[in-house]
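Record features, source TrEMBL:
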DOMAIN    16-264  domain 'SMP-30/Gluconolactonase/LRE-like region'
BINDING   GLU18, ASN154, ASP204  divalent metal cation binding site
BINDING   ARG101, ASN103, GLU121  substrate binding site
ACT_SITE  ASP204  active site, proton donor/acceptor
Amino acid sequence: MSSVRIECVAQEGYRIGESPVWDEKEGALLYVDITGRKVCRWSPVTRRAQAIPVDAPVSSVALQKSGDYVITLGTRFAALKWKEELVTTITQVDKDKANTRFNDGKVDPAGRYFAGTMAEEIRPAVLERHQGSLYTLFPDLSVVKHFDQVDISNGLDWSLDHRTFFYIDSLSYSVDAFDYDLQTGKIGNRRSIYKLEKEESIPDGMCIDIEGKLWVACYDGGRVIRLDPETGKRLQTVKLPVDKTTSCCFGGKDYSEMYVTSASDGMDKEWLSRQPQAGGIFKITGLGVKGVPPYPFAG
């Protein structure tokens, strides 16, 4: 095992850093601050983060085939032109619910944008339950709802053979798998492949590596864990210097670096004084495995 190194590359104290995505064209890391209402881009060259403010909680960002970005904003799917700082609504979901917002989202191998909703939180991870749903925005801009009764719609990714969709509803403390049809985007046959242990706390964002293993950020667990979806075994734990680790992705020139987002919301002064890097963006090197480049939205 090569030696794992962890570095805080952006100490911005984000409220809820989330949805890291490597933008190969820009050679930069994209991510959002949900309650801080901004879409951010950090450059390893300048070692600085730029941010575009938006008008609602922004919970995920994804690449678009055109070279721009798509985001989930409040209960809207929206397009973001970075240079112009221009956001345009594509469509809205959960129109019958006054108190929900999108949470995590990711583009599938066919260029569809999967994203789910949740109730607005009273405080971190405390909310009205079963208010969320999982949706897909298709390249023709139509939307399909897969299921509802979700607590906190969270991490998502696809197996390397594109036959399995992995998904996390955080308060189930489970990583689930579905059969997945690449042609239609349909999912079915839900089953749990890993139940989190007490010290791992709440499963949050997730990504897959080129060996087909899953990496899950553990909110309030201060770690990312590597799982084998075939055996349901945990293979590795990487602990971070902050408790509220929220999501992870691979990036860098050859996708051998892991980037981990974190949050500071819900932490009091004393807690923050013990974890001054809370809400920072972390880079992990030396994991000895590479990741899979993100898929762009085809619409």
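Glycine is treated like the rest: Cβ placed from N, Cα and C.
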When distances run from the Cα of GLU18 (divalent metal cation binding site) to each of the binding-site residues ARG101, ASN103, GLU121, the nearest one: ASN103
Neighbouring C-beta atoms (10 Å sphere around the C-beta of ASN154 (divalent metal cation binding site)): 31
From binding-site residues ARG101, ASN103, GLU121, the one whose Cα lies nearest ASN154 (divalent metal cation binding site): ASN103
Residues close to substrate site centre defined by ARG101, ASN103, GLU121, Cβ within 8 Å: ILE34, PRO57, SER59, THR100, PHE102, THR117, MET118, ALA119, GLU120, LEU127, ILE152
C-alpha spacing of ASP204 (divalent metal cation binding site) relative to ARG101 (substrate binding site), in angstrom: 16
Rounded to the nearest Å - Cα separation of ASN103 (substrate binding site) and ASP204 (divalent metal cation binding site): 10
For substrate: widest Cα to Cα gap among ARG101, ASN103, GLU121 in Å: 11
